[in-house]
């Protein structure tokens with residue numbers, strides 16, 4: 001707001017600039033409340049987006065209004081401003097809005113919601129800037145500000161000298177070098193981006209949550225978990241099935257970031273230790289029918305003593321091995337199928353205590369193992385997701401789930417959504433500019449600020465190790481929206497045959513610079529946030545605004561000076 005005031009030199013104009021922004025933001029938030037849309041990390045960016053795009057519309061209107069107002073008065077000035085700005089603002093709003101609407105191709109619902117709300121907000125903001133703002137200007141401004149013309153002329157020197165020098169004397173070199181750098185930096189920076197959505201990384205390392213989690217990971221078995229559901233080709237309680245799971249768990253526990261693996265095996269081994277035979281007294285299979293005891297006959301005298309049976313009972317009941325039963329002969333059984341029945345009988349003693357590991361206490365089809373992790377970064381999760389299926393036979397069904405699996409799946413969807421939304425937005429914007437200007441050359445030239453903003457943001461993310469997550473992935477749409485808005489305003493101004501570059505920079509150019517400076521300065525305050533995504537958003541927003549505005553003013557200005565035939569409108 002301070003930068004707006006320094007540019008407009010009027011408190012009234014600064015406050016009026018905020019009216020369309022507040023109107024469109026309030027309407028968008030009202031739609032969210034009415035339809036029950038959740039206020040997520042994606043949808044919270046919509047008011048910020050409207051602040052960026054909407055302030056550009058209002059600044060352009062006031063920039064041209066003050067130029068005309070000093071000469072012809074309020075009524076004529078409003079009429080001339082409407083004729084000059086209606087087409088560029090509607091064109092910029094249409095391309096920006098449909099660029100955001102292209103987010104509906106994203107596989108993520110929050111991104112589709114963000115695109116739809118941004119589309120509505122940008123349209124409302126543009127219409128209110130063209131309809132509501134001129135009406136308010138007519139009510140507020142009645143006298144000409146005598147000091148404003150002096151202020152405008154006083155500010156002509158520095159920016160014009162810098163821009164004219166670069167565009168006129170170094171324009172060709174600037175144009176080719178910058179385009180070559182963008183062609184090199186954009187793919188390299190994007191390919192080197194770190195991808196991942198680690199919620200814990202959203203908080204600063206000094207926060208209590210992060211410190212407690214790190215302490216828990218160091219002293220305990222881990223705070224994160226990964227669940228693996230298994231459907232063996234054979235019986236779930238078959239000894240060989242359990243033995244395969246045991247070998248897989250041993251391999252998993254060798255990984256440094258695995259705290260422990262929880263499964264049904266400790267229950268089976270413990271029951272076998274308590275109820276299985278001891279090493280000295282193996283149970284032999286019965287060769288004949290079991291003897292029939294006559295409980296109504298006289299009890300023999302020698303059966304009243306239990307001493308001969310006590311050692312045998314102790315050995316048979318308390319000295320079994322802590323292992324999975326694998327040898328049928330040791331347990332007095334004929335084959336492994338009977339061992340499966342024995343294991344099932346073991347598990348019946350636990351009853352419902354094993355619901356977290358098997359789906360049925362008698363004849364389970366699925367088993368679950370839970371891996372406790374001491375870290376949940378994307379590289380760790382992806383390594384485990386690739387390793388786990390290789391530990392089991394190919395005939396088994398292995399499904400990985402749980403909270404950390406959701407995080408990994410979200411990372412993959414964010415990456416996929418980024419690529420889809422980026423190309424769909426660029427294509428949609430290019431087609432709309434093509435329809436607007438009826439020129440493929442102008443549609444291609446208008447993409448230059450978008451590409452510069454994208455390259456700057458991706459390079460900054462790679463340099464500062466900012467991951468591509470659910471928030472930063474939306475910055476591509478912002479870069480396209482801001483870049484195309486600046487490009488359309490400049491190209492529309494270039495096509496006015498009665499204006500040279502110096503005049504354009506005093507109206508449209510200054511408006512673009514004021515918009516970029518005000519938004520970048522405002523978002524730079526977010527750098528002091530303790531919530532990492534907010535701080536990253538402030539940094540990347542500021543970089544996007546600065547790079548989009550400077551590339552529009554310098555690169556398109558150089559094209560205007562040295563390759564004017566690419567921009568000049570053909571006479572019918």
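Any Cβ shown, glycine's included, is placed from N, Cα and C.
Annotated domain 'SSD' per TrEMBL: 18-139, in sequence order.
The feature transmembrane segment is assigned by TrEMBL to 44-66 (among others).
Marked as transmembrane segment by TrEMBL: 87-104 (among others).
What TrEMBL lists as transmembrane segment is 116-141 (among others). With a threshold of 8 Å between CB atoms, the same-chain residues lying at least 6 positions outside the transmembrane segment (116-141) that come near it are 12, 16, 19-21, 23-25, 27-28, 31-32, 37, 43, 46-47, 49-50, 53-54, 57-58, 61, 65, 69, 74-75, 78, 81-82, 85-86, 89-90, 92-93, 96-98, 100-101, 103-104, 477, 481.
Marked as transmembrane segment by TrEMBL: 173-190 (among others).
Listed by sequence, the residues of this chain that lie at least six past the ends of the transmembrane segment (419-437) yet keep a Cβ under 8 A from its Cβ atoms are 91, 94-96, 98-103, 105-107, 111, 115, 443-444, 446-447, 450, 454, 473, 476-477, 480, 484, 487-488, 491. Annotated transmembrane segment per TrEMBL: 419-437 (among others), in sequence order.
The feature transmembrane segment is assigned by TrEMBL to 444-464 (among others).
Listed as Cβ neighbours of the transmembrane segment (470-492) (distance under 8 Å, sequence separation of 6 or more from its ends, same chain) are residues 41-42, 45, 49, 52-53, 56, 60, 87-88, 91-92, 95-96, 99-100, 102-103, 108, 110-111, 114-115, 118, 122, 197, 410, 414-415, 417-418, 421-422, 425-426, 429, 433, 436-437, 442, 445-454, 457, 461, 504, 508-509, 511-512, 516, 533, 536-537, 540-541, 544-545, 548-549, 551-553, 556-557, 567. Residues annotated as transmembrane segment in TrEMBL: 470-492 (among others).
Look at TrEMBL and you will find 512-532 (among others) tagged as transmembrane segment.
Annotation source TrEMBL lists transmembrane segment at 538-559 (among others).
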Region pair the transmembrane segment (173-190) / the transmembrane segment (538-559), three or more CB pairs under 8 Å:
yes
